[in-house]
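Okay, structure first, notes after.
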Amino acid sequence: MIEADRLIQPQIQAQDESIDRAMRPKMLDEYTGQDHTRAQLKVFIQAAKNRNEALDHMLIYGPPGLGKTTLAMIVANEMGVNIKSTSGPVLEKAGDLAALLTNLESGDVLFIDEIHRLSPVVEEILYPAMEDYQLDIMIGEGPAARSIKLDLPPFTLVGATTRAGALTSPLRARFGIPLRLEFYNIKDLSTIVTRSAQVMELDIDAEGAFEIARRSRGTPRIANRLLRRVRDYAQVKHDGAVTKFVAEHALDLLDVDSEGFDYMDRKLLLAIIDKFIGGPVGLDNLAAAIGEERETIEDVLEPFLIQQGFIQRTPRGRIATARAYQHFELIKPE
């Protein structure tokens, strides 16, 4: 298994939560990046407010660490309603979901992270709640059992997932607003790093912020995590200010290279290049070669490498691109 404390993993770590909460934007105007998604949300939110209606159900999907939870909270803030948060694996029984639904007030947001991991029995309860704002509950057992319907106030379900394809078709079809989050560009990440530094009361210049941003794999959560480690280095080894020089040396010490790769990324790329002559190589063989699970490669390691053009996924398997060879100063065989 991949190490849980990998510095550049996009999944949330225990130390991220309290600090990320302080750095999160509260309203859409404070939210940086994802311009198309922001523009859509502004229209949908204003329209719902004009009609005095609950916002339509929303599915936010994309790689981890891009701000799905933050967007859900922003939606609640913009609508002026409460938000209740849970996750798919936590909702084990129908009663778990029923307890949440019956405590919602009109217009409230129910946020379910990892919604693709809902159990079938819980999902069945969710369908009438989403479509008709009704909750079907079974009373009694055996032949005497009967179903009663409870009316629910209009509410907005915001589901978040890193694996939209894992949702069942009936569940996916019930979301009126699907939003895909993309990896961030370096300019937007630099803005996020600068804003986070202000929250931390940390002196950072534009070049220092840029250096952290370009090694952050297009992911705000990673950018904020790297910023905290660079701050440590700046305070111990320098005068506390973050410049390009300080950021470069701090990140080199942390083994995060110019592309944002750590040893796991390099291990994956070099396995394709050295052990499989650049590929193509099947996922099972690649997983065995680097000692990782298929899911870890698909969900954690690959997305950024593919998006940045270091790996190609073909019907025959994974291939290392010319850019991967160039990164290691190797010559790609013809």
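Glycine is no exception: its Cβ is also placed from the backbone N, Cα and C atoms.
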Annotated companion of Arg24, Gly65, Lys68, Thr69, Thr70, Glu131, Asp132, Tyr133, Arg174, Arg221 at the ATP site, Swiss-Prot, chosen from Tyr184, Tyr233: Tyr184
Helix-strand-coil residue split for the region 'Head domain (RuvB-H)' (258-334), DSSP-based: 41 helix, 9 strand, 27 coil
Shortest C-alpha distance to Thr69 (Mg(2+) binding site) - which of the binding-site residues Asp132, Arg174, Arg221, Arg294: Arg221
Secondary structure at Thr69 (Mg(2+) binding site), reduced by DSSP to three states: helix
Intrachain C-beta neighbours of Arg294 (DNA binding site), sequence separation six or more, cut-off 8 angstroms: Leu283, Asp284, Ala287
Around the Cβ of Thr69 (Mg(2+) binding site), the count of other Cβ atoms that are within 10 Å: 19
CB within-chain contacts under 8 A for Arg313 (DNA binding site), separation at least 6: Glu302, Ile306
